[in-house]
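Grabbed the feature section from Swiss-Prot, which reads as follows:
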DNA_BIND  112-180  DNA-binding region
DNA_BIND  196-264  DNA-binding region
DNA_BIND  298-362  DNA-binding region
DNA_BIND  407-475  DNA-binding region
DNA_BIND  482-549  DNA-binding region
DNA_BIND  568-634  DNA-binding region
COMPBIAS  677-745  compositional bias 'Acidic residues'
COMPBIAS  746-758  compositional bias 'Low complexity'
MOD_RES   201  phosphothreonine
MOD_RES   273  phosphoserine
MOD_RES   336  phosphoserine
MOD_RES   364  phosphoserine
MOD_RES   389  phosphoserine
MOD_RES   412  phosphoserine
MOD_RES   433  phosphoserine
MOD_RES   435  phosphoserine
MOD_RES   484  phosphoserine
MOD_RES   495  phosphoserine
MOD_RES   546  phosphoserine
MOD_RES   584  phosphoserine
MOD_RES   638  phosphoserine
REGION    1-21  region 'Disordered'
REGION    381-411  region 'Disordered'
REGION    459-487  region 'Disordered'
REGION    546-576  region 'Disordered'
REGION    648-764  region 'Disordered'
């Protein structure tokens, strides 16, 4: 391919005549030696691997490395090369064993020569003469001229070439039959003539018929000429003519099904499924055309909003398709509730009429067709349930009768970026339409560096994780971004666009220009009301965005984002280590949950200071090991996962700060995490993890000695104990959050517990 087989390389031209002494066994040995010298993970282009091959290691018997290389070049020219060298050698082995099999059948020395076509006979006869007359012409130009000359030949002269061709063709067929008798082993994949032929599609039936007609008029036409002539005619056929071939295809398919069922009974060893027999030969468009002519009713719009849009769009042929739905949505909002209710009733009536007509249509069909239509209706209903109306974003304001909800916009990194930059671009370039603005934002996104994209991808991952954690309606509500704020001019335009479109007969371009001029000529006092509305809309957007980004406290404390392979967080101090030990050994399982934690607190008070120090050292050692494992794990993450983990840690700190209230110890770390989350991921993740651990250590050290009388800490850790009792795996998953809560409660009660600890040390 690509001229490799036709143009011999320097190596081929230099091949000595001694190469003929290679036997089949020697060639197979050569390929086996090459195979043994291939790299274990061979995935490069074959030329690359071939250039690195050590041919001296391939050499065997009295064949040197150079001889082996030359022979390989000769063999490799006989097989396709768009593969790895490993695959190529396997194919070469097959070629050496069966050099004349399959596609290489015509290369067998005994294979009869095919006769030249009438046109090619004429071409070979006249080419030399025309080449002398026009030496400046290329082969391509000569071919074009001779092709034109042949078409202009009278039928009598053409007949001479046709008769010579037919005579030689008969001789070729006799020689071919003789060749097949002499070489039966070379004829592979003989067609099983007893298997019924598969039914044709309507287009195939039409093409076969038209081809016969065309060849009667032009018997010397090539296959390419027939295809070029008939190629586009099928799509230009009228529905009535196409329906004729659809009916013929259906009749042929029924006959095929009956014949195939009889055939399968006679040949039970064949593994042919019922689905393979009954597979339709019609396309979706052809099936719909047939159903339409059979009287199948057209499905009505699914809701009142869709019905309104369908009626409005019939008069909006001049409006660009990208703007039609926007205009429909704006017009729908301007309708009164009474008008919307009228459309709702009209839609319900259309649905009832459709059901009656569909039942009549089904009665006229055979049972198999009834099942097919009912199946299609079921699938349509499933799909339509997900198709919602963009008109009723606030059902409480419109009574909930104006149609279904607007489909949610997909939460993606590019979408978050677009929403963030859209308002700024609208102010900088007000002349751009919505579609032009969207294209510009897409180009801006593509030009962003990977580091900057990672920031938005992290926010995407956080949003998706939040939507997965939230149940039911809350998940749906928070899983999408709030509607972007509108400018004062946009709010004013929405309120008056109906009047302007009516004035300019639905010419949207003229209406927009007129509105723009009116707005520019308005006094500031007149604009003030709309500016206030825009400011309120901006506040609404910022409020909804902050609510969406900030995870709810209850959800954050009960569930956490899971990262595969993240090391398990160890106890933060000696008291937690002591509690974990008692809870895990099952010694206190007979006690209720609260009593169990009280018992742990009392036991902690009773142990000596040296034992407490022992547990503290164990906790510190586990913390050191945890830091090492965490660093290794963070480095092993992909850039996207690392950014998502960083975003999660930052959000977790913010939420914990809100829960704790003002904390002088954590204020520095909180501010640091805020600044880190706003940068473009240029800091090292290891430093962030160390900051997090330092914060945890501070909380742990301050609360360690005060853990003996901290009842709130005991209640927090009781969650861990309960999970340990019911399921050890749940304990592992939620332990991190429990420990954070322990730190919080222990930190808040450190002042009260310090007196208890001092009295305990005095008693000791």
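Sequential numbering from 1, following the chain as shown.
Glycine residues also receive a Cβ, built from the backbone N, Cα and C atoms like all the rest.
Describe the structural context of these features.
Looking just at the DNA-binding region (482-549), the mean pLDDT is 82.
Its Cβ taken as reference, residue 201 (phosphothreonine) is surrounded by 18 other Cβ atoms within 10 Å in the chains shown.
A simple way to gauge crowding: the CB of residue 336 (phosphoserine) has 8 other CB atoms within 10 angstroms, across all the protein chains here.
Residue 364 (phosphoserine): 11 other CB atoms within 10 A of its CB, across all protein chains.
Its own atom aside, the Cβ of residue 412 (phosphoserine) has 14 Cβ atoms within 10 angstroms in the protein chains shown.
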Only counting partners 6 or more residues apart, tell me which same-chain residues put their Cβ under 8 Å from the Cβ of residue 484 (phosphoserine).
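For residue 484 (phosphoserine), the qualifying residues are 419, 422, 423, 541.
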Enter the number of other CB atoms within 10 angstroms of the CB of residue 495 (phosphoserine).
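Neighbour count, Cβ to Cβ under the 10 Å cut-off: 13.
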Could you round the CA separation between residue 336 (phosphoserine) and residue 412 (phosphoserine) to a whole angstrom and send it over?
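So the alpha carbons of residue 336 (phosphoserine) and residue 412 (phosphoserine) sit roughly 35 Å from each other.
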Report the nearest neighbour of residue 495 (phosphoserine) in space among the modified residues 201, 412, 546, 638, comparing Cα positions.
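Sorting the modified residues by distance from residue 495 (phosphoserine), the top entry is 546.
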List every residue in the same chain as residue 546 (phosphoserine), at least 6 positions away in sequence, whose Cβ is under 8 Å from its Cβ.
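Non-local contacts for residue 546 (phosphoserine): none found.
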Within 10 Å of each Cβ, count the other Cβ atoms and name the one among the modified residues 584, 638 with the highest count.
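Result of the Cβ crowding comparison: 584.
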Which one is closest to residue 638 (phosphoserine) in space, judged by CA to CA distance, out of the modified residues 201, 364, 412, 584?
412
Express the distance between the Cα positions of residue 584 (phosphoserine) and residue 412 (phosphoserine) as a whole number of Å.
43
Between residue 412 (phosphoserine) and residue 201 (phosphothreonine), how far is it from one CA atom to the other, in Å?
42
